[in-house]
Amino acid sequence: MNPLRLLLLGAPGSGKGTQTSKLLKHFDHVKSVSSGDLLRQQIRLNTDLGHIAAKYIAEGKLLPDSFVTGLVLNELSSRRWLSSKSTWLLDGFPRTVSQAKSLRSELKPHGATLNMVVELDVPESVILERIENRYVHVPSGRVYNLTYNPPKVAGRDDVTGEPLSKRSDDTAEVFGARLANYRETLSPLKAFYSKIGILHKVSGETSDIIFPQLLELVQRELTKN
Ligand code: G5P
Ligand code: MG
């Protein structure tokens, strides 16, 4: 199989985390990192970066590039993922052209690049209800939805039994700000990856409609000559 280095792009609540879990279940050898999960872990650990992140996240604003870039690139490096043979997927990073350029520069000396970017195109009209019903298990990043994929025991993570929580940014008000930021940064980021020739788009109102399309793209990349 070919290495796969994939970025999932999509509006808040479009299902990046959900599609990541589905892909990880399908392919044993694929691993993932979510910039949002890394930041929420920093908040939970009460670090200096966590204090900064909490403020930006609660307001629905993107953190300055340098903070997130440093955090994610360190994570990739400590997992020994900066290699041309590595296979992984990223959720939520890069989110700006500056972050995309930093990732590219970091990978280049290792003979590695991102080889696929997939935009999850979900109508905004279906998203708000999803995130108002979302509960998360912060240590693992697992996400639940009270109607789509409820936990087996109310308020508890399926795997650890630990309590679930609401994200501070999952309110109608903050969601508006997150969506506006997404719209603003999406076009230049898409233009950047379109120029390199690795941008794809999958569309649908539900994650179950999107997943088979995503799976087909990923399978094609993993097995191409
Ligand atoms: P995050 O953590 O990257 P967002 O805003 O990009 O957050 P989010 O909200 O995590 O994205 P998602 O992962 O795309 O959304 O969606 P999801 O969790 O899988 O699905 C949403 C809900 O819908 C879940 O409850 C799920 O169960 C349910 N669901 C899924 N599919 C369906 C379906 O078909 N039907 C139904 N009914 N429900 C469904 O970033 C957070 C913040 O961190 C900072 C920023 O402040 C950002 O706002 N940050 C960064 N800042 C700068 N640069 C970066 N690179 C940053 N990364 C994070
Ligand atoms: Mg997410």
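Heads up, the Cβ atoms here are built off N, Cα and C, so glycines get one too.
According to TrEMBL, the GTP binding site annotation covers Gly13, Ser14, Gly15, Lys16, Gly17, Thr18, Arg134, Val143, Tyr144, Ser207. Its Cβ taken as reference, Arg134 (GTP binding site) is surrounded by 19 other Cβ atoms within 10 Å in the chains shown.
When averaged over the region 'NMPbind' (34-63), pLDDT in the model lands at 97. What TrEMBL records for 34-63 is region 'NMPbind'.
Around the Cβ of Ser35 (AMP binding site), 20 further Cβ atoms fall within 10 Å across all displayed protein chains. Taken from TrEMBL, the feature AMP binding site applies to Ser35, Arg40, Lys61, Leu62, Leu63, Gly92, Phe93, Pro94, Arg95, Gln99, Arg167, Arg178.
The region 'LID' annotation in TrEMBL covers 133-170. For the region 'LID' (133-170), the number of residues in each DSSP class (helix H, G, I; strand E, B; coil) is 0 helix, 12 strand, 26 coil.
Feature annotation from TrEMBL assigns domain 'Adenylate kinase active site lid' to 134-169.
Tyr144 (GTP binding site) is 22 Å away from Phe93 (AMP binding site) when you measure Cα to Cα. With a cut-off of 8 Å between CB atoms and residues at least 6 apart in sequence, the same chain places Leu120, Val122, Ser207, Ile210 near Gly15 (GTP binding site), listed in sequence order.
For the pair Lys61 (AMP binding site) and Gly13 (GTP binding site), the C-alpha distance works out to 15 angstrom. For the binding-site residues Phe93, Tyr144, the ranking by surrounding Cβ atoms (within 10 Å, all protein chains) places Phe93 first. Ranked by how many other Cβ atoms sit within 10 Å of their Cβ, the binding-site residues Lys61, Arg95, Arg167 place Lys61 at the bottom.
Taking the Cβ of Leu63 (AMP binding site) as reference, residues of its chain lying under 8 Å away and at least six apart in sequence are, in sequence order, Leu39, Ile52, Ala53, Tyr56, Ile57.
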